[in-house]
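Record features, source TrEMBL:
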| type | residues | note |
| --- | --- | --- |
| COMPBIAS | 585-616 | compositional bias 'Polar residues' |
| DOMAIN | 513-722 | domain 'STAS' |
| REGION | 579-633 | region 'Disordered' |
| TRANSMEM | 88-115 | transmembrane segment |
| TRANSMEM | 170-193 | transmembrane segment |
| TRANSMEM | 242-263 | transmembrane segment |
| TRANSMEM | 331-351 | transmembrane segment |
| TRANSMEM | 363-379 | transmembrane segment |
| TRANSMEM | 400-420 | transmembrane segment |
| TRANSMEM | 426-450 | transmembrane segment |
| TRANSMEM | 457-489 | transmembrane segment |
């Protein structure tokens, strides 16, 4: 059935701001101060606070065992199988013995199970976080600082102990930052890390990770570079020392990498037919360990192996408070990056499965994971993208899967960890490099962003280049600063336009974009696409005067110059009249003196007096006419001064884009009213939001000359009101139709 076209007729009165406030009974919001509610206590309030701080108490009692337990169990085992090799490998990235990667895969995961709000993310070791930790440990505890004087070898025991202390203290400091930010509800800080920024940063971090593993792939001993251009120096040194590469180590890494890639391809093809993915990483680690032990790769071919992995857990140790000053900058950067990665993944899974992720509670949960983990010798952790996808795809429904994976890691730490002492480090390096595929594929963002948004592409490229050249901490700072600067620049260069009316509607659109939109004769409607504040207030005024087609400043300057000339002529005329009056009085006195002899005839004396009286009357009339001419109401108008008049009598400012008002904006708007009134154009404002009106009142914008009658609910109301005002010289016919 076809819909018939209907003509709608709507009538409503014109509303300015005063009328709108009276009609809607506007009043400022009043209520009890928020701080009073902080001290109110009740059973329901305490229960809600407990559930918010410890979310596991809210969902675990309602856990559907029959429906979800099997999926969480299989998911937890799958994630644990990935956690084992990744924990060992990412510990090498952090510059620590591999066993500490297992610790970091147990304590933080269980803490997040208690305090986290995301059901699907897998917390634990992550490549980006590990390489950020490694840049800190290797710069503050380089190998050169532990050289033994006897044989010029590195004291690995002392070096590892120092690096472990640095990493655990860093984890505690990261946790303190995250918990503190979460308690003050600072979770919105992640909004300043846009998606292009995060993706460009993780892509650059993946390059850092790849380069850091080259020494294990080739079996080289490299210098520990830190600071800007350290990545470039490392690549140059690797190229320089390639002839010294250990052949056995290179072959081991290549074979392990090929096996891992083939297993991943096989998993991709058989994904629909397999209940669980083939644990290629675990099988590769077990096979490589068996081959290394049986063949003796370290003894016969010089392949470097993991070495001693102590069984059991380590006792908690207090952090070294003296290191806080050295680590505070890196800790804040790691805290922000770790939270940004975790919350972005958490919100993706939350939207996909229909539940809410609390960003502030996520900060607290991650902070407690790092804080408590640091006390138990863990390094900072975050959320792994690959493990999170496995946890979701294998049937995981809640963080019970995370708790199961942490318990499986606990068993390995207590009993099975020492079995991997002969595992070649080249296999771990190959595992890391193969797992970088997802982040390296983010290079395709360049093509997609080039088509979608080139400003975001610029952010991506600047973040990537800055992180590559300046290292991870400085690169992040430069990326955030550039992103914020770009926001400021974009607000300083908004889209300014003159609006015209679409025929037979009350809709106003840019006349440059809509060919049917026509400017209302006698009225200019101006709009900015961004809010007006201190950074772009002057640009707004300049664009307004430019788009109106009138050089307002020059016209005001010419008007003032002509008025000054008029005033100067009037003063000169008054002085001339005063001189002429004084001269006439002097003439009458001398005539009286000269005629004192009585020899002059009486008719001559009377003629002289008559001439004097007529001269004085003429001077007075001339002065009076000059003063009246100066005081005439139209003497200072543009037409009276012979200046060109604007082709419009009213200006409407569409302020619908204003989200806030500062003092500079208030002054700029007042100047606009003053300048356009100087050239006989009345100014109106339209579409202001209520908070903006309140801020204008607080800034003393409204006074005797600017009232709320100049402020209208819509642009159409302002245009109709402007056209209805009486004009001595109206400009064009009224073409606006009132709906």
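From the backbone N, Cα and C atoms, a Cβ is placed for every residue, glycine too.
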Contacting positions for the transmembrane segment (426-450) when only residues 6+ beyond its ends and CB under 8 Å are counted: 85-86, 88-90, 92-93, 98, 127, 196, 199-200, 202-203, 205-206, 209-210, 213, 216-217, 219, 249-250, 252-254, 256-257, 260-261, 264, 281, 284-285, 288, 303-304, 306, 385-386, 456-457, 460-461
Outside the transmembrane segment (242-263), six or more residues from its ends: residues with CB under 8 Å to it: 216-220, 278, 280-281, 283-284, 287-288, 297, 300-304, 424, 426-427, 429-431, 433-434
Stretch-level contact, the transmembrane segment (170-193) and the transmembrane segment (363-379), CB cutoff 8 A, at least 3 pairs: yes
Positions whose Cβ lies under 8 angstroms from the transmembrane segment (88-115), at least six residues beyond its ends: 53-56, 122-127, 130-131, 133-134, 137-138, 141, 160, 163-164, 167, 209, 212-213, 216, 285, 306-307, 309-310, 313-314, 361, 364-366, 368-370, 372-373, 376-379, 381, 399-400, 402-403, 405-406, 409-410, 412-413, 417, 420, 423, 425, 428-429, 431-432
Within-chain partners of the transmembrane segment (363-379) [C-beta distance under 8 Å, separation at least 6 from its ends]: 53, 91, 94, 96, 100, 103-104, 107-109, 111-112, 115-117, 123, 129-130, 133, 164, 167-183, 186-187, 313-314, 316-319, 335, 338-339, 342
Mean predicted confidence [pLDDT] for the domain 'STAS' (513-722): 80
